[in-house]
Structures are given as C-alpha cells and as structure tokens.
Amino acid sequence: MEPSSEQESQESQKVDMEPVFRRESFAALRRNNVAARQLRVVTLNAWCLPQPWPIGSTDRVHRLNKIGQYMIDELYDIVGLQELWSYYDFVRLSEQVSSVYPYFHYFHSGFTGSGVCVFSRHPIVSTLTNRYSLNGFAHHIHRGDWFGGKVVGLTEIEIDGDLRVNFYTTHLHAEYDRENDLYLPHRTAQAFELAQFVRHTARGADVVIVTGDLNMEPCDLGFRLILSHAKLFDAWRMSHEVENEDSEGELLKFRGIAKGGTCDRPDNCYTKRALKNVDDSKRIDYMLFKSGRCNVKLEECEITLNQIPGEDLNYSDHVGLRARFTIDDRFRHEKSVNTWEPNRPLLIEAIGLVAGGERRARTDRIFFFILAVICLILILGSLFFEVFPMGFAVLRFALTVVGVFFVWQGLIGLTLERKALKAAKQAIQQILNN
C-alpha cells in the first residue's frame, strides 16, 4: 500500500527535526519509508608512530584508546584513519570498536606499513590498494616516507544491500620545507595518480568519498588538479564561506583556525612552541566527494577530534573532519553544471613540475656516481698508510658500505625514480593530446 502525501509530509518533518549527526542506521531510515538516506563520515591523521620517544608519537597508546572511544560514542558510518603505522595498534583499535564497527581493513604497504585503514558499520565487499610510484628518497632516512610506501586505499562498502559507496583514504608525501620543496614533483605525481585512480575506479559507484591527509593546501597545484581531474568537491569549502583559494601569492590569507586549519594549530598541545604564538595553521586534511549514480548532498562538514574532553591533551597533532551527507537514490544522478577549474592549464603546469623532477633525477645520478668514485679513491689511498691499521680498516669498511649505497642509489634508486616520473609525464601528456 502506497503511503499518502500527508504521511510522507509527516515523515519528512520527522527527519528534518532530528539533530545534526543523528544516530539512526540506514536500515532504520528505510523502515521509515524515507527515500533520502544519511551518511556520516569522519577522517583523522592519528599520528601514531610506534617508536620510542623522541622518534615516536607522544601519548600514543592513551590517545589511540580515546580515538576508539570517540568512534564508539559517535556511531559514524565510515571512519578513515591515517598514520596508524603499527599493525598491532590497528588490531588493538579494531578489537576495541568491533561491537560498533564490525568491518575494517588495513592497507599494507612498504617496510613500515602505509598507516592507512578504514572502519565501517556496513559490509566491506571489496578493497583495492594503489601504491604511489613515487614515495620520496631512500637515502632520506630521517624522513621515512620512502619506507612507509604511501598508498591510496579503496574500500567498496555496501549499505542496505543496494547502495555502493566507494570510500578512498590516502596519505600523500609530506612537504617539510615549502620554500625548498624537494618532494614537490613526487607529491604532484601522487596527486595525479590519485585523481586517475579515483576517476577510473569510481565508475558505477553510487557515492564517491575521498578522505585523508594530502599534505597540500587549497591553493596548491596538486590539490586543484585532484579536484579538477577527478571532478570532486571540497566538503569544507562548500560548507564555509571562503574567498577564492587559487592564488599562491595570497597563501597566508587562507591559513588559520577560522579557515579550517587542521595542522600546526596554536590550540593543539603537540604543536611546536614556535608556531603557537601566531595562528598559521594549515588546511591539509580533506573530505572530498561527488555523486555517482545517486544524488549526494552535503549537509555539513566540521572540525572534530581536537581536544580530548576533560584533558589537556589532543587526540592527535592534527584535527579530524566529520561530514554528513544526504543520499537520494530514487533516481539516477544527472550531470551537474561544470563548476571545476579548467583541467588543461593544471595538467600543463603539472607536467612541467614532473619533467623538472626527471631532470633532477638524471643530475643526481651523476652526483652519486661521483661520490662512489671518491669513496673508491679514499679506500685505495688508505691502503698506503701503515699507521693505525685497525682504524684504517674500520674506515675502509665504512667507506665501502657508503660507496655501495651510492652505487645502488645512482644505478637503481634514481633509475626507478626517473622511470616513475617519466611514466607520470607520459600519462599526463596522453590526456593533453586527447
């Protein structure tokens, strides 16, 4: 029996009167004959380095327990986390929240793990991991990005048996030094690969959501390329009135807590003391989305997971983002007016950056070979010194180890980097040609 228009009106009023981030499941909404369904999502860079201080993260175990309690209390539909580097931390967290989030997945990659994982209240029917072809430099041991093996992880989540959500979570290479950004070609290539991955795997999905720490600010080329090429919307920007963020020259205008800063916030206890005097917080954590076969409407996107209630500690050195979406699956989504930045100029700029990285890789290769030759000369020269034989033996061993690394980096490491940059450049060029 079809419900009357009066009954539908009453049901609609009930839904509108419910508080923000209500805790009803999709199944309950369907039982109430409501066609528009709600989806609540949260993302956080959890900052959980398992190594001991000063390398590891401060208060890691306590903070992770509080994050788990927050997840249980808030009853989100999907949770995306980054920098959960230890698989044992993931297992411990999944056991803590399993009563509410019975479905979860950790994306394994690299030597230390990708740190990326997903928790869901609804069945995860399939997963796919795409490791970025460029992940920094092997000899930058003090950074660690190369050992982590950054990825974008896709989880296909099925809700009520008929709604397919493609949920992506990722963590791109860190910036470290904006004025002398050695990793900019790598991060730009990662941004292009992310956009390509979403673009090709999202076909057929009802809802598409991309979350994570992109390590790029809203005006950066890589972020603008992700939005334009994958046709995604920035949830925070759509929920808050902001000026045009596409001007690199006015970068500082878009920093600060009021502008959605998620990192280096002065109200965070883990922020460096030098950054607490001025609010120069950066917005580098994002919630991106687009409609698939269903119409998706953003209801709100807000900062969350800042300070732990009743404590002077924060959940992480970043803050999280939460969003609430309304999904209308009564009819197939119709294409909206193109509101994205033109794609071609961004691709042309990106190919220039990637080509610059390719040239730098060739130069570095020669540099490392020269260093290897210098090590060989020093080793041979030390053979003519008969004083301190033990000391020179140790020196020769150390020079041999360093020299072998220089040869490996020049012959293998930089060749792999150059080929990955070349592949990214050719992929971009192919799109430009078409």
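Glycine is no exception: its Cβ is also placed from the backbone N, Cα and C atoms.
Annotated active site, proton acceptor per Swiss-Prot: H318, in sequence order, evidence recorded as similarity to another entry. Under the heading Mg(2+) binding site, Swiss-Prot lists E83, citing similarity to another entry as support. According to Swiss-Prot, the feature site 'Important for substrate recognition' maps to N215. Per Swiss-Prot, the feature transmembrane segment maps to 366-388, 392-414.
Here the transmembrane segment (392-414) has Cβ contacts under 8 Å with residues 137-139, 361-362, 364-369, 371-372, 375-376, 378-379, 382-383, 385 of the same chain, all six or more residues outside its ends. The Cβ of the residue listed as 'active site, proton acceptor' has 28 neighbouring Cβ atoms from other residues within 10 Å, across all protein chains displayed. It is 11 Å from the Cα atom of E83 (Mg(2+) binding site) to that of H318 (active site, proton acceptor). Taking the C-alpha positions, the distance from N215 (site 'Important for substrate recognition') to H318 (active site, proton acceptor) comes to 11 Å.
Each of the recorded positions E83, N215 was scored by how many other Cβ atoms lie within 10 Å of its Cβ, and the smallest score goes to E83.
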